[in-house]
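> One structure coming up, written as structure tokens, with questions to follow.
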Amino acid sequence: FCLMAAPGKVAAFRLPPLPTIGEIIKLFRLKALKQLSQNFLLDLRLTDKIVKQAGELKNAHVCEVGPGPGGITRSILSAGVEQLLLIEKDARFIPGLQMLSEAAPGKVHIVHGDILTYKMEKAFPKHLKKNWEDEPPDIHIIGNLPFSVSTPLIIKWLENVSKRDGPFIYGRTQMTLTFQKEVGERLTANPGSNQRSRLSIMAQHLCTVENCFIIPGQAFVPKPEVDVAVVHFTPLVQPKIQQPFELVQKVVQSVFQFRRKYCFRGIETLFPENGRLKRTEQLMMTANVDPTLRPFQLSMSQFRNLCNAYRKMCDEDPGLFVFNYREELRQKKMRRSLVESSGQPEQTEEENQL
């Protein structure tokens, strides 16, 4: 879309002249904190490019996560949004963001808080709600996320997608977010790719995931050691695996527990030691999955079959779902320690793997 108004049409919203992002950083003596994995994006051509990936934002409601000094914020406002909610954890950035708020009267609401705990169920007006089967609502989440928070946050939001709560109580809210390049590759990896991981399955079974473009590390201040991927998510009308989020996550985590071994090795960890082999064989036969495939070779339909077969086994044995392989290992180790009098015994190969 273009921000230039066609002849005879109302011109797009324009911010008044403001200090550059670099000047804002100097003015408020801002410094990226390494412990918070902060990196500033100063090039407004790149921030415009990120915002374009979100789609048509004119008159939309947008939540920007971690706006920092406000580079992407300016690009969002220039796109002509109706309302912009800014959620910023670091108090040092609030004065600069308030300057932007004053330049766009009535459009910006600033929340000093943590996105991981912020309740997004009431973040937007009720009239924006759409049915899940309808087109996505006029609501967008955009963010240049600190690397330290990006993976836990996307897992939290994927769980919200699965349960249709949080920001997805309004419908299939779209997200445009930045990740380390490697994480972006995992999110979009196909079967057989070395980057195929737990994240690939959890994201792709719930959303259409698009790796939009890569931003070189040198575009950021300070320069991170890695390049950055811009990834766009649109929740699917129907998830590819029709099982509860917790069950899918448990199966997928177990399969990728030993990603370089045959997939049956990870699937074994779903079951208690007593009867483990028999139940693993039963699950793989029911799901029609070749036990000698590596985890990253499994297709989405094979993961769906595994989840459906595991759900059936859990329904037949209600105690199965709460079984924890790591806890079983820990208990075995404790028992061995009590038996052996001479110090700490050596770890087994499976304990070393974990």
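Just so it is clear, glycine is given a Cβ too, placed from its N, Cα and C backbone atoms.
As annotated by TrEMBL, S-adenosyl-L-methionine binding site applies to Asn39, Leu41, Gly66, Glu88, Asp114, Asn144. Residues annotated as domain 'Ribosomal RNA adenine methylase transferase N-terminal' in TrEMBL: 46-237. Annotation source TrEMBL lists region 'Disordered' at 334-354.
Describe the structural context of these features.
Within 10 Å of the C-beta of Glu88 (S-adenosyl-L-methionine binding site) there are 23 other C-beta atoms, taking all protein chains into account.
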> How far apart, in angstrom, are the most distant Cα atoms among the S-adenosyl-L-methionine-binding residues Asn39, Leu41, Gly66, Glu88, Asp114, Asn144?
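The two farthest binding residues have Cα atoms 21 Å apart.
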> Taking the Cβ of Leu41 (S-adenosyl-L-methionine binding site) as the centre, count every other Cβ atom within 10 Å, in any protein chain shown.
21
> How many other Cβ atoms sit within 10 Å of the Cβ of Gly66 (S-adenosyl-L-methionine binding site)?
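Summing over all protein chains shown, Gly66 (S-adenosyl-L-methionine binding site) has 23 other Cβ atoms within 10 Å.
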> Please name the residue among the binding-site residues Asn39, Asn144 whose C-beta has the most neighbouring C-beta atoms within 10 angstroms.
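Checking each of Asn39, Asn144, the winner is Asn144.
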